Each structure stands twice: as C-alpha cells, then as structure tokens.
Amino acid sequence: MKSVLGFKKAKVTQEKISMVTCYDYTLAKIINSTDIDCILVGDSGGMVLLGKKNTTYTTLDDMQFMTQAVANGATDKFIVADLPFMSYRQSLETTMQAVMALIQSGAHAIKLEGSSGNLDIIKHIVDSGVPIMGHIGMTPQFINSFGGFKVQGRTEEAAKHLLEEAKLLEQAGCFGIVLECIPANIAKDITQNLDIPTIGIGAGSNTDGQILVLQDMLGMNTDFQPKFVKKYIDGSKLFSDAINTYVKETKANTFPTKEHCYDYC
C-alpha cells in the first residue's frame, strides 16, 4: 500500500488491511521486507521504546526521532505518525507546526485521537494536503479522563456516541479510523456505516483491518498481555536465550571461533 488510495480500494474490495507499529530503523527495515500494508509510528513508542509511563509523556521531539528512523528503514511502506498529546490542542499554529514536523520527518499521513474539538483542525489539515486518520474508543491520550485503560462503548448510549464520532470524523475528511478496545458488535456496526476503512485493535474481526503493537505480537513484553493481543512468537524468551548463549560461549572461550577471526595477510 503506497497511499491513501490503497485504503479506499481495500474498503471497496473488502481486502483486509494489515498494520503494525514501529519506532526504530532496524525493525522498520525488517517490516519493509514483509507484506504489511501500513506502519504506524505510534506515540506508544514513548512507552515501548523509551519506557515512559503512558503516551501523555511522549513529546513531539520523540515522535520526530522515531518517525525519521522508521522512514529511513521502511522506504517502501505507507507511514502514519501520531500527533502527540496536546500538540493539536494549543493553537492552530502549533498544530500545523507539529504536522509539518512529522511529514518532513518522513510520515505520509497523520493520526490524532478523538473527535470533540478536533473536527475543524482535521478539516484544516486535510485541506492543507495532509491525510488524516482518526482514532476513537479507548484513546490512550485520554487515560486520565478514562481512569485507566478501559474498554469503551459498553452501554447503548456510549455505543451510539462512538458511531456519531466515527461519522463526524469521516465527514471532516479522515481517510480511515482506528477503533480501539470496543465491543466487536459495535465495531461491526460502525464499519458497516462508514465509507472509509476502520482499523481495529481490540475491536473484533469485523473491522476493515487490524493493527497491533509490534513488540506485543512478537512477545517481547512479558508485563503487558491484554486479551486482544496474539503472540506470534515468544520474542522475550528467544532473545533472552540467544543472549545467555552468547554469555556462556564467551565465558567458556568457545566464542569467537576461527570463522569469526581475521587472518594475518
């Protein structure tokens, strides 16, 4: 997938869209060689890569650094970058400066969270030539309002509000919407009522696509195992075993061997 046109086509043809997060050059190069459709440089990188408490601590400088790294490694992939916490809530000028910074760092599109107070901003960004992806449901930047990472849309009123939000984001010009941690039947209803694709994370299988944090699906974080994550490998054990083998071989002087040494001329 090279552009937003790919998202539109996927919605029409009902081809599922695959997305993962990425925050660094090395993993971006690996992803670039895969069949993945799109990469999200998420503000979650502040937590996953930098060890911050939650995404409200991720800065624009962090996002620029990670976006540049991913863009350098994944040269053939469509890249979406998150606008970090409060970067689009201060003024239109600071919002557009943040958008420009991420696009000039290598992103092809921008994602922001929520609808309330964002619709005019989204329209302005889209009118400026920058594609926007929306994000509703459990929006991590609102963690302090939610009282933690909690499933959203579990009441009839909340479900109705989510559908209204999704339609407003579509009308504002979003080319796609992330649905995070909402009941599967609600996600299905939203998906069927939009002409733009939905990307689910903890939203069931009836969205137009899926996204996971790369380190989660690779089993690299043993402390974070939410219900919606499938571990495709036990990355934590894989890496730990490899490092411990290296340590043992070093102490036993079985590494390096001749094949790893340079000969005299």
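The backbone N, Cα and C atoms fix where each Cβ goes, and this holds for glycine too.
Record check: Swiss-Prot places Asp43, Asp82 at the Mg(2+) site, and the matching candidate among Glu15, Glu93, Glu113 is Glu113. Distance noted between the C-alpha atoms of Lys111 (3-methyl-2-oxobutanoate binding site) and Asp82 (Mg(2+) binding site) is 5 Å. A coil conformation is recorded for Asp43 (Mg(2+) binding site) in the three-state DSSP classification, outside any helix or strand. Cα of Ser44 (3-methyl-2-oxobutanoate binding site) to Cα of Glu180 (active site, proton acceptor): a span of 13 Å. Residues within less than 8 Å, Cβ to Cβ, of Asp82 (Mg(2+) binding site) and separated from it by at least 6 positions along the same chain comprise Leu40, Val41, Gly42, Asp43, Ser44, Thr58, Met63, Ile110, Lys111, Leu112.
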